[in-house]
Amino acid sequence: MAVSWRSWLANEGVKHLCLLIWLSLNVLLFWKTFLLYNQGPEYYYIHQMLGLGLCLSRASASVLNLNCSLILLPMCRTVLAYLRGSQKVPSRRTRRLLDKSKTLHITCGVTICIFSGVHVAAHLVNALNFSVNYSEDFLELNAARYQNEDPRKLLFTTIPGLTGVCMVVVLFLMVTASTYAIRVSNYDIFWYTHNLFFVFYMLLLLHVSGGLLKYQTNVDTHPPGCISLNQTSSQNMSIPDYVSEHFHGSLPRGFSKLEDRYQKTLVKICLEEPKFQAHFPQTWIWISGPLCLYCAERLYRCIRSNKPVTIISVINHPSDVMELRMIKENFKARPGQYIILHCPSVSALENHPFTLTMCPTETKATFGVHFKVVGDWTERFRDLLLPPSSQDSEILPFIHSRNYPKLYIDGPFGSPFEESLNYEVSLCVAGGIGVTPFASILNTLLDDWKPYKLRRLYFIWVCRDIQSFQWFADLLCVLHNKFWQENRPDFVNIQLYLSQTDGIQKIIGEKYHTLNSRLFIGRPRWKLLFDEIAKCNRGKTVGVFCCGPSSISKTLHSLSNRNNSYGTKFEYNKESFS
């Protein structure tokens, strides 16, 4: 499959450029720090004691400082949402780069794990060398109290050692709970362990306050490796002068040859004993800015979300899909954004993100979400919203006497689908419940499509059975009829694909005549679909938006980079629930 460099640069170029910059920063920081501790005169004596372990531990620490600061930035969701909607970021390419924030977070996390391993291994070697190479001449340098002290004591009786062990434990818990299997099977574990990040950062700030590694402060008056002489005031002395002053008898055997060889060599003389000082901690310089920004945002989000919403109605759709309609004072959101729901009656600490399927407008303040009942949290939430006797009913209208649980929302936050209205042509592909991000887009078009750039929308929905799309079919029919009445039949191209055929004719034939010709059995032929779109939109840029299984996502991503003979460029965007 031939690759279109134009599409590849649009989809991958900026991402790979940022990756290259990030990689260069890590390599440069590692190498510069390694050379400093390997060749720096102020680290001469500590390097003599610890060797390569010193260089590796400090170089890896510098990389950890960088990534521990960067990993917090993608988690500042309110800041990212502001930047996405701000006129200060007019470039669509720059806004699309914000969609890679999750990738940056994961990349920095993996890097932290790798270099934490290097850092720990290097310090284990350092602990051994501190014990074995105990210095009688420079007692200030020693971390051990005596020679051949058990290195394990350094790990469990010093602040850097003890905090380091605790950080390794916390990091291990966070990493193992972040695996895909645990996130899918038990999201609670992932959520609770990931909030240990605050403990990790507090330990990190304590970790660097121990001051075990020390550098020399008087390099000018005590050059590294100098010879300490009594009753001399000369800093530099040639070997013959040194010999004539200190050897009055016959020269040591073989010294004449040594004199000839080093005739011009200068021996550095110490004017005073070396002085050592612990490093001023630099980690806080790296992480204080991002950490303060993140904490300030969390405080702002806490204040913003402290007032519960008013639940207007709860709708129980087929296929275990629930719809929740709410109102909150001064709540504003853009199509494609998502919110985080928090129900204390379900879980005191747990929150879950849900894409808005209905956004508030100037004429109506109602907004809503759809969610599929899968997992412990959604099951408990459903049971609180619907009494057991009413869970089989289709619609529960708002009843004043109904005691809904208190529900808090945080957000809204940005997502890639905000850009779907900013293309002239958009291709939206959904798989199963992945259709929810597009619901708000279609509802917005139903209200008023004229303020937006979008003039043609291809909507593809792949479902397992007919019940999966029943709750969404009414909106599709209304939207289709709207554009037909406005004499714009080509504005929305709807294609629905089902893998099971049971009961299709009965349901479709009776209720959704409009969708008869747009319903297909089997899977889409993606290559033919892309060719058709490219042919109908020659020379244009098409936004491709996908929310669904990874198999569909990978196929669309590959086809978006494929070359076509019509000069059409496909820009790929993806949303993921995991």
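Placed from the backbone N, Cα and C atoms, the Cβ positions cover glycine too.
Owing to the predicted nature of the structure, the values given are computational and were not obtained by experimental measurement.
Note on ASN67, ASN133, ASN236: Swiss-Prot annotates N-linked glycosylation site at ASN133; no matching annotation appears for the rest, which is not proof of its absence. Looking up ASN230, ASN563 in Swiss-Prot, the residue bearing an annotation of N-linked glycosylation site is ASN230.
Identical topological domain names are assigned in Swiss-Prot to ARG95 and LYS569, which places both on one side of the membrane. Taken residue by residue, the topological domain 'Extracellular' (38-62) breaks down under DSSP into 23 helix, 0 strand, 2 coil. The number of other Cβ atoms within 10 Å of the Cβ belonging to ASN133 (N-linked glycosylation site), over all protein chains shown, comes to 15. Applying DSSP to the topological domain 'Cytoplasmic' (1-16) sorts its residues as follows: 12 helix, 1 strand, 3 coil. Residue counts for the topological domain 'Cytoplasmic' (446-578) by DSSP state, with H, G and I taken as helix and E and B as strand, are 58 helix, 33 strand, 42 coil. Beyond the ends of the topological domain 'Cytoplasmic' (1-16), by six or more residues, the same chain brings 93, 96-97, 100, 103, 541, 557-558, 560-564, 569-572 to within a C-beta distance below 8 angstroms of the stretch.
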